[in-house]
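Quick notes on the structure that follows.
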Amino acid sequence: MQGFLNFFKEPTITNALLSKKHRYLVFSVAVFSLIYLYSEAVLRISMGLSLLVVLVTLLGSIAVQYPNIAKQNIPYILLMPYHFIAGILLSIHLFPNLALPIKFVLFFAVGVLSYILSLMTNIFLVVHERQKLVPLYRVANTWAQILVVIVAIPYFTGIFKLEFNPLLQNFIVALSGFSFVLYMFWTQRYDPDSIDISLVEQVVDSLQVATGMFFAGLAVAFLPTESFLRGVFVAAVLMAGYGYMESHYKNSITRKLVVQYSLIVLLFLVILLISQN
């Protein structure tokens, strides 16, 4: 792996021509191409191929950020790409009947989101490297909140679509929610508006959100409804927990904010209930 990363570190002609934005663009095109070929079965779909696509995406996510990477940041760098690519692969397997034009548009969106995700991650890495905010931090933080929900929905939907025990399904989803909240704390570590808290407090708060997601998912697990609606509902619970924790440590919680998050969760619960098969 070190040799693979050294390609981006050494001052080769290729590396000189590829600025970070160019790397992100090349990586996004590569992700788009991989997903498109995968979905069209140009290559024979198998578990091994699925793992290969995930591995290439994760290695690429690290490589395009090199050398601005500290070892302790690697789990956070890989968190979003893993859920992103796993959600897409699950969607391809479990919803195979999408028309080709729709697939093409969706996979183009995947490429665009890959590019945005790479840019966003780079900003957070720069913040951690300098231990202070940079001008684009606020934009990146806003995108992080949006992308967490966008990435979570197909992943949660795919997990709920699999023929697993509901307890296992919701445990996997809750584990993802736990990691997303830890990711939020990582993105805000050097934000002067946010209270600095210990790792233990971060874990406890992340467990609170994960527990809420687990029981919310379990409460609707036996309803005869689409896995997509369950995924959206639990993603709404994640969004509420994520937003609440962020506001709590910025001392910006208001009654209006709590009501807004409550109404969003309630709205998707009502949609789920009236959409039963």
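Cβ from N, Cα, C; glycine included.
Listed in TrEMBL:
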TRANSMEM  21-39  transmembrane segment
TRANSMEM  45-64  transmembrane segment
TRANSMEM  76-96  transmembrane segment
TRANSMEM  102-127  transmembrane segment
TRANSMEM  139-160  transmembrane segment
TRANSMEM  166-186  transmembrane segment
TRANSMEM  198-222  transmembrane segment
TRANSMEM  228-245  transmembrane segment
TRANSMEM  257-275  transmembrane segment
Counting only residues 6 or more past its boundaries, what in the same chain has a CB within less than 8 Å of a CB in the transmembrane segment (21-39)? 8, 45, 49-50, 53, 56-57, 60-61, 63-64, 85, 88-89, 92, 103-104, 107-108, 110-112, 114-115, 118-119, 122
Is the transmembrane segment (139-160) in contact with the transmembrane segment (228-245), using three or more Cβ pairs under 8 angstroms as the rule and ignoring pairs under 6 apart in sequence? yes
Grab the same-chain neighbours of the transmembrane segment (102-127) for me: Cβ-Cβ under 8 Å, and only residues 6 or more beyond its ends, written as numbers and ranges. 20-21, 23-25, 27-29, 31-32, 35-36, 39, 61, 64-65, 68-69, 73, 76-77, 80-81, 84, 88, 133-134, 136-137, 139-140, 143-144, 147, 150, 186-187, 189-190
Let me spell it out: take the transmembrane segment (166-186), skip the flanking residues so only those 6+ beyond its ends count, and list any with a Cβ under 8 Å from a Cβ in it. 73, 76, 79-80, 83, 124, 144, 148, 152, 155-156, 159-160, 197, 202-203, 205-207, 209-211, 213-214, 217-218, 221-222, 234, 237-238, 241-242, 245-246
Per the Cβ under 8 Å criterion, with at least 6 residues separating them from its ends, the transmembrane segment (45-64) contacts 1, 4-5, 7-8, 20, 23-24, 27, 30-31, 34-35, 38, 74, 77-78, 81-82, 84-86, 89, 93, 118, 121
